[in-house]
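Undergrad: Heads up, here are the entries from Swiss-Prot:
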- N34: N-linked glycosylation site (CARBOHYD)
- N84: N-linked glycosylation site (CARBOHYD)
- N109: N-linked glycosylation site (CARBOHYD)
- N133: N-linked glycosylation site (CARBOHYD)
- N203: N-linked glycosylation site (CARBOHYD)
- N225: N-linked glycosylation site (CARBOHYD)
- N240: N-linked glycosylation site (CARBOHYD)
- N265: N-linked glycosylation site (CARBOHYD)
- N281: N-linked glycosylation site (CARBOHYD)
- N337: N-linked glycosylation site (CARBOHYD)
- N362: N-linked glycosylation site (CARBOHYD)
- N420: N-linked glycosylation site (CARBOHYD)
- G428: GPI-anchor amidated glycine (LIPID)
- 1-21: signal peptide (SIGNAL)
Amino acid sequence: MLVNKVIGLLGVLFATRFTNAVELDLDNYESLQNATSLIAYGLMDYYTGNQYGKTVGMFSDPYYWWEAGGAWGCMLDYWFFMDNDTYNDEIIAAMIHQAGDDNDYIPLNQSTTEGNDDQAFWGIAAMTAAERNFTNPPENEPQWLYLAQAVFNTMALRWDADSCGGGLRWQIFVWNSGYDYKNTVSNGALFHIAARLARYTGNQTYVDWAEKVYEWMVGVNLISNGTYKYVYDGVSIDDNCTKVTSYQWTYNQGLLLAGSAYLYNFTGSDLWHTRTKEFLNASQVFFHDGIVYEAACQGPNSCNTDQRSFKAYFARFLGVTAQLVPETRNQIMSWLNTSAIAAAKSCSGGTDGHTCGLNWFNGTWDGMYGLGEQMSALEVMVNTRALDKPAPYTAENGGSSVGDGAAGTQAQPTNLAPLNITKGSKAGAGIITAVIGISIVACALWLVF
């Protein structure tokens, strides 16, 4: 592996020295390898966890812990689709280190600040490692399937039936702003992980949980009815979850789309097959001339740091949906291929000449840059190979990761932990909430006018 890493890095450095922009020919595997190696190298420029005094698994500011989990999931896709193990040592070290003392992705450095959605994205990365048969950790370390099950179990224990008839709150802890909000990404991620665990393990309990979460989301109108299933942002317990925050984000649509695809592939149910197609129908809202974009914020150029990474997860979920549900392949691969070519043209900026941008419509770099931009370009490009690689493995078909159905339940519960909130704490939380509210109003005004 060390030899491969050295060769891989030398290849990237050579390409960097003599190449000004990413050139991509999707009919040429070597072209795709060269393009994605440049983008992956640029992504890892933001990684600081291998530097003295820094935290293993974490990227530079301003990138939060949850996005680090998303980034390692992206690098797993890069390894799998591009047959490139250059960064595998870093992936393993990061995902083990950040698992925490209880092996449930609630590490001490995040244990009072992380939300359900934050934990979920590390769990999704662990599930990907299990399904792709990624190198297993040493026997004395937690295994990928175990980690994914621990995330699912700890999240499921937080199911809040006392308000709005169920659902997960956005935040785990009462002192964090957003505790009174039940958002789609937390609930959609629980549904998504349950669907993947059902298929991998064959355990019906996970199917039951996926159906439970799905029906609750439909009941509070986070998922629309009809043949186009749009997915909305969240609801507040302050009004008994009766008013929907109607923003649509790519990664929320992708979580429900891919989760439905996993359930159809496992159960063979016509219902989940239909739902998969209906989520795919609604995904059209995120494409213009076949190119993916973040519709809620990209137009007014108001995407924040987190939102600039959402297309990465959407591309990932599109790719796996195409693997699992044959009827979706023509549409999805058309979107991925068109978007990949456009993304490559955007990767022509920065001092290195191949920094990726946010807006892929321009045919050139738009001046934006960051971890999210690199992740999005990389995911959309590597997932053009979705049909050239095996579908996710299961325990009965190629998967070797070892789990435990009770993983995570031995730890001290973190469900709705109490705290004596001071007036100062409430004031601080109020300021944060106000800022979020202003941002939402600004987006709404742009969408209307």
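Using the three backbone atoms N, Cα and C, a Cβ is placed for every residue, glycine included.
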Undergrad: Can you tell me the CA-to-CA distance separating N281 (N-linked glycosylation site) and N225 (N-linked glycosylation site), as a whole number of Å?
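TA: The Cα atom of N281 (N-linked glycosylation site) is 12 Å away from the Cα atom of N225 (N-linked glycosylation site).
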Undergrad: Report the nearest neighbour of N265 (N-linked glycosylation site) in space among the glycosylation sites N34, N84, N133, N225, N362, comparing Cα positions.
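TA: So, of the listed glycosylation sites, the one sitting closest to N265 (N-linked glycosylation site) is N133.
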Undergrad: Specify the nearest of the glycosylation sites N34, N84, N133, N225, N337 to N109 (N-linked glycosylation site), where nearness means the distance between Cα atoms.
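TA: Of all the candidates listed, N133 is nearest in space.
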Undergrad: Determine the most Cβ-crowded residue among the glycosylation sites N84, N362, using a 10 Å radius around each Cβ and all protein chains in the structure.
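TA: Top count of Cβ atoms within 10 Å goes to N84.
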Undergrad: Among the glycosylation sites listed here (N203, N240, N362), which has the Cα closest to the Cα of N225 (N-linked glycosylation site)?
TA: N240
Undergrad: Mind giving me a neighbour count for N265 (N-linked glycosylation site)? Other Cβ atoms within 10 Å of its Cβ, every protein chain shown.
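TA: Result for N265 (N-linked glycosylation site): 24 neighbouring Cβ atoms inside 10 Å.
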Undergrad: If one measures from the C-alpha of N337 (N-linked glycosylation site) to the C-alpha of N34 (N-linked glycosylation site), what distance in angstrom results, rounded to a whole number?
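TA: Spelling it out, the Cα of N337 (N-linked glycosylation site) and the Cα of N34 (N-linked glycosylation site) are 17 Å apart.
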Undergrad: In terms of DSSP three-state secondary structure, what is the assignment for N362 (N-linked glycosylation site)?
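TA: Coil, per DSSP.
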Undergrad: Among the glycosylation sites listed here (N84, N133, N240), which has the Cα closest to the Cα of N362 (N-linked glycosylation site)?
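TA: Sorting the glycosylation sites by distance from N362 (N-linked glycosylation site), the top entry is N84.
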Undergrad: Minimum Cβ neighbour count within 10 Å among the glycosylation sites N109, N203, N337: which residue?
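TA: Relative to the other glycosylation sites in N109, N203, N337, N109 has the fewest Cβ atoms within 10 Å.
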Undergrad: Would you mind sorting out which of N34, N84, N133, N203 (the glycosylation sites) have a C-alpha within 10 A of the one on N240 (N-linked glycosylation site)?
TA: none
Undergrad: Counting distance between Cα atoms, which of the glycosylation sites N34, N84, N203 is nearest N133 (N-linked glycosylation site)?
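TA: When the Cα distances are compared, N84 comes out closest.
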Undergrad: Rounded to an integer, what is the Cα-Cα distance in Å between N34 (N-linked glycosylation site) and N203 (N-linked glycosylation site)?
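TA: Counting only the Cα atoms, the answer is 41 Å.
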Undergrad: In whole Å, how far is N203 (N-linked glycosylation site) from N84 (N-linked glycosylation site) when you measure between their Cα atoms?
TA: 33
